Every structure is written in C-alpha cells, then in structure tokens.
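For 20-46, 58-79, 99-121, 142-166, 172-194, 215-236, 272-293, the entry in TrEMBL reads transmembrane segment. Per TrEMBL, the feature domain 'NADH dehydrogenase subunit 5 C-terminal' maps to 115-295.
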Amino acid sequence: FVSFLFNFCFQFCFVSVSSLFRLSFVFSFWFHFCFVSVSYMFHLYFVSVSCLLRLIGFMPLTCSYLNICNLSLCGFPFLSGFYSKDLVAEVMSMGYLSLYVYLIFYFSIGLTVCYSFRLVYYTCVGDYNYLSLSAISDGSLIMIKGMTGLIFLVVFMGSSLSWLIFSSPYLILLPLFMKIMTLFMVLIGMWIGYEMSKFSISSNNLSLINYKGSWFFSGMWNMPVISTLGVNYYPIVLGSLYYKGLDQGWTEYFGAQGIYNNLMRGSMISQVLMFNSIKIFFVLTFIWLLIVFMI
C-alpha cells in the first residue's frame, strides 16, 4: 500500500491524467482480489503468516491466484502492475529530483518486491505449520468463481488499458545504470525477501542481548511513547484509583454491597433461630413478656 502511494504521487506529478486513472483502476482490482483471497484464508483460521507454510498443497488454486496478484502488485514483468510501475520509475528518473527522493522511490519498489516474494515463499515452500487435523481445501465454489473472474482482470487489464489509453508511446532516454535500476531493486528485493523468510528465532536471538535497543527500533522509535504509552498511562492510573477508592472502596461497603451483606447476615441469624427447638421460642417469648411488664 505504501508503494502504491509513492507511485500514485509520482504519477500524479510526472505522468498524464490518463495514466493516473489507469493506475487507480488497476489497483482497485488488486485490492479487491487480495481482500477476497485473504478473507477466505482468514475464514479458515489462517490468522498468522507462519501458518501459510506449504499451503499450496492444500489450496492450490487460491494460493496460485494470491501469488499472481502479489506479483502483479509488485510490478512483475508483463503483468498489470508492470505497465504502471515501470513507466512511473523511468519517467521519474528523467525528472529533476533530489537524490534522496530518487533513492526512497526505488527503495519502496524493493520493499514491495520483498514482501511479495516473501509471501510466495511462505505459501509454496517450507514445512506445513498448521493443525495436523484440519479440513483445508478449495471447496467454496462461490469464492473460486469470484477469484477466477478477478484474476483475468489482474493479469490482462494493465496491458489492455495501456494499449487503449496511450495513443503514442513515451520516448524515454536513460543511461544504462538508471535503466537497469528497477531490475536491480527487484532482484535485491527478491533476495531480501528470501533471507527474511529463512530467518528463524533461536536461542541466540540478538534482540534479547540488546533488549532496549531492539524495543526502540522495533517500536517505530519514539512513536509508542508519544502516542500510546505516554498518553494511556495517566488515564489507566486514574482508573485504578477510581476502582480502588470508589468502586471497591467505602461506596461499595456502605452502598448496595454493604446493604446486601447486612441483609444476608440478618437472614442467616433468623435461619439459625428458626431451625432450633421450641424451647428457644418459649424462652424468647418469656423474655419479651418480661420486658413488656417491666416497661
């Protein structure tokens, strides 16, 4: 999604409105298809990426569709995303931008390829990491029909719109190293995604050695302190004081709970008196008459 925002902004600045419409139109197919396929997997209780290992053996059609959609989203050659991302990257390289913006843009392309190939690796390679007894299959005919209709649009809509909208091709002149920059970032993203997929947490976890540093870098630096930890601390403390002082304090003792306890105590005393022998009633009656005559 972040990569789409980068491409959307750069295409809005450097490419025509027709190309902008094409990118938005094609992205809507990606979004709807990913939403349908991932929702179908969530319906089968695949709530973690670690559960997707070797899922293609159980859901071959759904996993194939999802991988095609992810490859199209990251700009794999001759799929829908390629006709937008490649044009955006080359037109942006011809513009007058700072080196920082140039590197950040290509870094976003590498990240897109990274997580796309990481998902492909998880769904196609690795050991099955889910329940040993489960009913996982492409059994929902309604979902399969919907995904089959969308996958044709994901594959062919980019080239179709490119041929229909652009009446004449763009003339792009770039040096060799800038021309292969997109391919280089795609290969780097594939390698990083593969390495991240092979990474496993073991007893020699480096994050446990420098816990504060790993917590700082993994928590978006100081954003949790400003947005959540620093803001939620005072309402939580105030709520605990209210809970101890009022809800579980003197108001609870003298209020409804106190009245309930007193009634229960009086009822238990009356039950003890009621279950005793008739001699107790005679003694109580005699004491009551004695008090009446004395008054």
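Keep in mind that glycine also has a Cβ here, set from the backbone N, Cα and C atoms.
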Beyond the flanks of the transmembrane segment (58-79) by 6 or more, those residues with Cβ under 8 Å of it: 3, 30, 33-34, 37-38, 40-41, 85-86, 109, 112-113, 116-117, 119-120, 123-124, 136-138, 143-144, 147-148, 151, 154-155, 158-159, 182, 186, 189
Long-range Cβ neighbours of the transmembrane segment (172-194) (under 8 Å; 6 or more residues past either end): 74-75, 85-86, 89-91, 93-94, 106-107, 109-118, 121
